[in-house]
Amino acid sequence: MVPGARGGGALARAAGRGLLALLLAVSAPLRLQAEELGDGCGHLVTYQDSGTMTSKNYPGTYPNHTVCEKTITVPKGKRLILRLGDLDIESQTCASDYLLFTSSSDQYGPYCGSMTVPKELLLNTSEVTVRFESGSHISGRGFLLTYASSDHPDLITCLERASHYLKTEYSKFCPAGCRDVAGDISGNMVDGYRDTSLLCKAAIHAGIIADELGGQISVLQRKGISRYEGILANGVLSRDGSLSDKRFLFTSNGCSRSLSFEPDGQIRASSSWQSVNESGDQVHWSPGQARLQDQGPSWASGDSSNNHKPREWLEIDLGEKKKITGIRTTGSTQSNFNFYVKSFVMNFKNNNSKWKTYKGIVNNEEKVFQGNSNFRDPVQNNFIPPIVARYVRVVPQTWHQRIALKVELIGCQITQGNDSLVWRKTSQSTSVSTKKEDETITRPIPSEETSTGINITTVAIPLVLLVVLVFAGMGIFAAFRKKKKKGSPYGSAEAQKTDCWKQIKYPFARHQSAEFTISYDNEKEMTQKLDLITSDMADYQQPLMIGTGTVTRKGSTFRPMDTDAEEAGVSTDAGGHYDCPQRAGRHEYALPLAPPEPEYATPIVERHVLRAHTFSAQSGYRVPGPQPGHKHSLSSGGFSPVAGVGAQDGDYQRPHSAQPADRGYDRPKAVSALATESGHPDSQKPPTHPGTSDSYSAPRDCLTPLNQTAMTALL
């Protein structure tokens, strides 16, 4: 072979190898870029109107030469709210490393480096494309983004902590997807959480919201405690915490009480295990020992293999349909038996129905709950939405060594009016089909105990009863007041405003008394003077007098002696001593009283003195006036009053002026005889004729002396 030919072939082979290397060098970046397109996205959870998105490896350093591009949406007609919880991109020029938001009409960004980035963006659209691109860099966490619709202006990011807020009470909206975001929490749902804990992550731990759904939270900030105990709940591990100045708690719907059930008859299991202790005695791990509050070993299944053909289960009968919002579980609780269930699913049913499996609200798949990680510590899982059923089964999926469970159900009774405790979907787009019998119902089962709206009856009946009671009370009060007013002895209020004295209505009438009335002169401490009166008490009894003002006086039990009006011919039926306007239907005004007198009977002698100085001789008759130097003798056997000053011939003088026939008493028939005897000294003691008792009545205001027989009988 010619040497030149051999050299040409070698050159051709070398050129071919170089061309192949060049092609590989050119195609490698293209292939790498194709593989990494969209591979720069990290944590991503989206729901109907909220979600969370991060760069890859967040909060670690994001990889080189990656691209993350996603489109996020909220319901049409709503505006989109974006909040950047964290943005750390190394590039300063945004040439190869940046974060960009693009909508159909606007562009927001790019953002990178140390640029001032708004914490919140309110977009005029319901859809936006998020693009994150990275080049060659050394450090940088990337970004954390949360979003929600404009229905939730109080949106916060997954990185918000309670220490960021000063208010003692506030409400915020947590987006979906905060459970797996890096960050610690300390505390539990009973004692509260340390104020350095992430708010949304703590809300998931407490069972207030579901991670895949997000939701509204209400926070109460309180004084801190010395130690915070951490537990595992709803897939979130809470750590033990130290003393802090403040802590926070969540307000719940009140349906978080322990549901009681009896160990005998209300708990069943697919099988149970019997062990032998060190002393050779058998230990029965029966279903009745599955209550969390009971001491001793738990329930354990009879088969310890990991390949159970029929599923093992623990069934609880609550006695009636109840709302179940959560479950607490532990393992064997025995240190020498390290048994516990690592994961499980829930089945439930009601009377005469088939068993249903609890499924997730988003993907409509059988929901597997995270169980215990040791035999001792309790773990809590919440059902969002709650289970409404009478029978519940815990079906273990994975376990350690042997299935062993202690269980406590959390929930409340179903009553009319607690419809607010029922979780509702925010949209119909994620409704779950329930046509098949073996599918779960992700909302409470409609029943006679669970109302689907505001129960009008529970509102209307109390209102009607309240109105009836109010009207009944008003009627009773009006009737009582009317009766009291009608039976009042004081007349109407209108009558009391006339500035006149009114006669009080007596509730009863006194009967005539034939007894003697005795009065005493207490003021002058004189010897007892006896004034014997036999008359109708109704004529002498004087009504109480009440003025229209604040002054109230009590009158004497004897009628006043001022009869000027009578002597003047004025009728007592027409008016009193006061010119007071009369109204139709009104009673006669009472006569005015003399100067105030004591409540008991006024002494007769004092009244005589008053009459003697008050009434003139023209009044028609005179009354006797006692002399200071004379006394009535009660021991002499007679009664001889001495003539008073101003008397002509005797103690009594008959009326001189003739009065009309319609006087208050009958006229004497034997006037001439009395007139003849008036000049005789013996006229001091007027004679009493038996025959005149029928034709003559003594004036009401005159005194009738007693005869010797009456005085003797009295003494």
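Along the chain as shown, the residues are counted starting at 1.
Keep in mind that glycine also has a Cβ here, set from the backbone N, Cα and C atoms.
Features of the protein shown, as given by Swiss-Prot:
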- CYS41-CYS68: disulfide bond (DISULFID)
- CYS94-CYS112: disulfide bond (DISULFID)
- CYS158-CYS174: disulfide bond (DISULFID)
- CYS178-CYS200: disulfide bond (DISULFID)
- 41-150: domain 'CUB' (DOMAIN)
- ASN64: N-linked glycosylation site (CARBOHYD)
- ASN124: N-linked glycosylation site (CARBOHYD)
- ASN277: N-linked glycosylation site (CARBOHYD)
- ASN351: N-linked glycosylation site (CARBOHYD)
- ASN418: N-linked glycosylation site (CARBOHYD)
- ASN455: N-linked glycosylation site (CARBOHYD)
- 278-312: region 'Disordered' (REGION)
- 619-702: region 'Disordered' (REGION)
- 35-459: topological domain 'Extracellular' (TOPO_DOM)
- 481-715: topological domain 'Cytoplasmic' (TOPO_DOM)
- 460-480: transmembrane segment (TRANSMEM)
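All features noted in Swiss-Prot, drawn onto the structure.
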| residue | record | contacts (Cβ under 8 Å, 6+ apart) |
| --- | --- | --- |
| CYS41 | disulfide bond | MET53, THR54, SER55, LYS56, CYS68, GLU69, LYS70, PHE132 |
| CYS112 | disulfide bond | ILE89, GLU90, SER91, GLN92, THR93, CYS94, ASP97, TYR98, LEU99 |
| ASN124 | N-linked glycosylation site | ARG79, SER103, SER105, ASP106 |
| CYS158 | disulfide bond | THR52, GLY85, LEU144, THR146, CYS174, PRO175, GLY177, CYS178, VAL181, GLY183, LEU198, CYS200, LYS201 |
| ASN277 | N-linked glycosylation site | VAL283 |
| ASN351 | N-linked glycosylation site | ARG390 |
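Mapped onto DSSP classes, the region 'Disordered' (278-312) shows 3 helix, 7 strand, 25 coil.
There are 29 other CB atoms within 10 A of the CB of CYS178 (disulfide bond), with all protein chains counted. Non-local contacts of ASN64 (N-linked glycosylation site) by the CB criterion (under 8 A, 6+ apart in sequence, same chain) comprise SER134, GLY135, SER136, HIS137. When other Cβ atoms within 10 Å of the Cβ of CYS68 (disulfide bond) are tallied across all protein chains shown, the result is 25. Considering other CB atoms within 10 Å as the measure, the emptiest surroundings among the disulfide-bonded residues CYS94, CYS174, CYS200 are those of CYS94. Remark: secondary structure over the domain 'CUB' (41-150) totals 0 helix, 57 strand, 53 coil, with classes taken from DSSP.
Across the residues of the topological domain 'Extracellular' (35-459), the predicted structure has a mean pLDDT of 87.
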